[in-house]
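Following: one structure in structure tokens, then a few remarks.
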Amino acid sequence: MPEGKIIKALSGFYYVYSDDEIIQCRGRGVFRKNKVTPLVGDEVVFQAENDKEGYILEVKDRKNELVRPPIANVDQAILVFSAVEPDFSTALLDRFLVLVEYNRIKPIICITKMDLTSEDQHKQIQMYAEDYKRSGYTVLLTSSETEEGIKELYPYLDGEISVFAGQSGVGKSSLLNALNPDLDLRTDDISSHLGRGKHTTRHVELIRMGNGLVADTPGFSSLEFMEIEMSDLNFCFPDIQLKSEECKFRGCLHIAEPKCAVKAAIETGELPAYRYEHYKQFLQEIKDRKPRY
Ligand code: GDP
Ligand code: ZN
């Protein structure tokens, strides 16, 4: 049986990408039994009825599943942050990183609008970029205006399902347009002034970009730590997690425990203090979270 990947779902049809062809498939009750609704991003087994049409027989196990936008098997998130307008925020970046890590998605940090930075701002951003690289992240400095750093992004899209994420106005649509000029996603300039969100009425769709697939709708619209437990947080900060292997106590939360290697590393400047501050803030936020029923 042929296999493929759902790249678009619309009006009861699933568009399955397989062997460089797109087959329009219907579902046939199979997944209704096990309560699986096929999602864009799903790997499926299908039966072809002819060159163009078929029906889905099976939805393979998912590696992850985002709710907004509804999409499965996301490999990678391009976290888009502007250097200025709005100003770069490590607190917000760390929040996105935690959510992405928790979903077992690989983050790529992309700092846009570098063309708008003053010399001092430029230096500051470069310092942050070095910090995050030392923490193990990929960081790209870009400008959709001058196309600085755009080419460097392509290889990271290869063979992956990527979503772009980031606050409104940071330059996600501009970046997608710069990567793929045929796309013509409207930028905030036009759409927000018309009073309608640019993506509200549209279905999510995976578009081909280079040798990868990119969701045409930004991900991680909710930034709350709904399901994350206090003990998970360590794993969502890979730099802190690496250090925590040297903590005296297993399961050390790096707050009041003695002989904590993470706190020691903050003292010596080996780990950036702001990462630890955000870790503590998020821990508190999770602690204060009202129980869900
Ligand atoms: P989105 O909401 O994240 O999709 O952001 P947009 O792509 O709509 O960009 C918001 C505004 O920032 C628009 O006015 C863009 O023209 C502008 N913009 C985006 N990227 C850049 C950039 O790299 N340099 C400059 N100078 N302006 C940019
Ligand atoms: Zn510790």
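The backbone N, Cα and C atoms fix where each Cβ goes, glycine too.
Nobody curates TrEMBL annotations by hand; they come from automatic prediction.
Residues or ranges marked as domain 'CP-type G' by TrEMBL: 63-223. What TrEMBL records for 72-221 is domain 'EngC GTPase'. As annotated by TrEMBL, GTP binding site applies to THR112, LYS113, MET114, ASP115, GLY166, GLN167, SER168, GLY169, VAL170, GLY171, LYS172, SER173, SER174. Per TrEMBL, the feature Zn(2+) binding site maps to CYS247, CYS252, HIS254, CYS260.
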Binding-site residues whose CB lies under 6 angstroms from ligand 2, from THR112, CYS247, HIS254: CYS247, HIS254
Pairwise CA distance, CYS247 (Zn(2+) binding site) versus GLY166 (GTP binding site), rounded so that it is a whole Å: 33
Spatial neighbours of THR112 (GTP binding site) that are distant in sequence (at least 6 apart) but have CB under 8 A: VAL80, PHE81, SER82, ALA83, THR142, SER143, SER144, VAL170, GLY171, SER174, LEU175
Using Cα positions only, nearest of the binding-site residues to HIS254 (Zn(2+) binding site) (MET114, GLY166, SER168, LYS172): GLY166
Integer Å distance between the CA atoms belonging to CYS260 (Zn(2+) binding site) and MET114 (GTP binding site): 38
Output field, Zn(2+) shell: CB within 8 Å of site CB centroid, site CYS247, CYS252, HIS254, CYS260 dropped: SER244, LYS248, PHE249, LEU253, ILE255, GLU257, LYS259, ALA261, VAL262, LYS263
Among GLY166, SER168, LYS172, which are recorded as binding-site residues, the nearest neighbour of CYS252 (Zn(2+) binding site) by Cα: GLY166
Other C-beta atoms that fall within 10 angstroms of the C-beta of HIS254 (Zn(2+) binding site): 24
For THR112 (GTP binding site): DSSP state (helix, strand, coil): strand
Listed binding-site residues adjacent to ligand 1, that is, members of VAL170, CYS252, HIS254 whose C-beta is under 6 A away: VAL170
Rounded to the nearest Å - Cα separation of GLY166 (GTP binding site) and CYS260 (Zn(2+) binding site): 33
Around the Cβ of VAL170 (GTP binding site), the count of other Cβ atoms that are within 10 Å: 26
Pairwise Cα distance maximum in Å, GTP-binding residues per record: THR112, LYS113, MET114, ASP115, GLY166, GLN167, SER168, GLY169, VAL170, GLY171, LYS172, SER173, SER174: 19
Under 8 Å by Cβ from CYS260 (Zn(2+) binding site), same chain, sequence gap 6 or more: CYS247, LYS248, PHE249, CYS252, HIS254
